[in-house]
């Protein structure tokens, strides 16, 4: 009896340790697919989205067109991201993956940011990029590499990373992310463009800056 109790406790402990790993990413699907539906009509509620009735699903629900064309670059950082996720490709719902195209102007960058729910794997299609990510505290170690056409680099989930065009011509990259909705937290926009604004005194102390400099940055990033 004592041995059975010990075995039960061992199994229970193992489950307790593995459960956080099991829920650390998008949940596994319980059916072949769950095409997201915009309304509850003819649908069921699964994983945060209404699922379209499988009998009404068509090939178009798994199709997106648009990554073949570069979008205009109008951002001050000199890059444009075209995302394909569950919001514009409904068939991605529950499948745990998404895709982006990133266009970089000369000297443009995709500034330091994180994806709170996804690992990213990036391949350069055109140009030369300087890429990198920084590990968590206390080491804050930088892993950086220069990528040319056809080169691939991985950014671990949740870590701050960036890409910068260091070539003499525009650059293009494609990236896959391990979530249907990976999320993006751009560090500068989040810290200095928070709504409502973070108290400048707090940021001045955190960044060792004059409060006036912080207020100037907050003005620049104000939405």
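Every residue, even glycine, has its Cβ placed from backbone N, Cα and C.
Here is what Swiss-Prot says about this protein:
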- 113, 115, 120, 161: Mn(2+) binding site (BINDING)
- 34-51: disulfide bond (DISULFID)
- 65-215: domain 'Cupin type-1' (DOMAIN)
- 38: N-linked glycosylation site (CARBOHYD)
- 1-24: signal peptide (SIGNAL)
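On a Cα basis, residue 38 (N-linked glycosylation site) lies 33 Å away from residue 161 (Mn(2+) binding site). Within 8 Å of the centroid defined by the CB atoms of 113, 115, 120, 161, the record's Mn(2+) site, lie the Cβ atoms of 114, 118, 133, 155, 159, 160, 177, 182, 184, excluding the listed residues themselves. Comparing the binding-site residues 113, 115, 161 on other C-beta atoms within 10 angstroms of each C-beta gives the minimum for 113. Taking the Cα atom of each, residue 113 (Mn(2+) binding site) and residue 51 (disulfide bond) are about 31 angstrom apart. Look at the disulfide-bonded residues 34, 51 and count other Cβ atoms within 10 Å of each Cβ; 51 has the fewest. The residue listed as 'N-linked glycosylation site' sits 9 Å from residue 51 (disulfide bond), taking the C-alpha atoms as the reference points. DSSP assigns residue 161 (Mn(2+) binding site) to a strand.
Here residue 120 (Mn(2+) binding site) comes close to 154, 155, 161, 175, 176, 177, 178, 182: these same-chain residues lie at least six apart in sequence, with C-beta atoms under 8 angstroms from its C-beta. Taking all protein chains in view, 10 other C-beta atoms sit within 10 angstroms of the C-beta of the residue listed as 'N-linked glycosylation site'.
Residue 51 (disulfide bond) sits 25 Å from residue 115 (Mn(2+) binding site), taking the Cα positions as reference.
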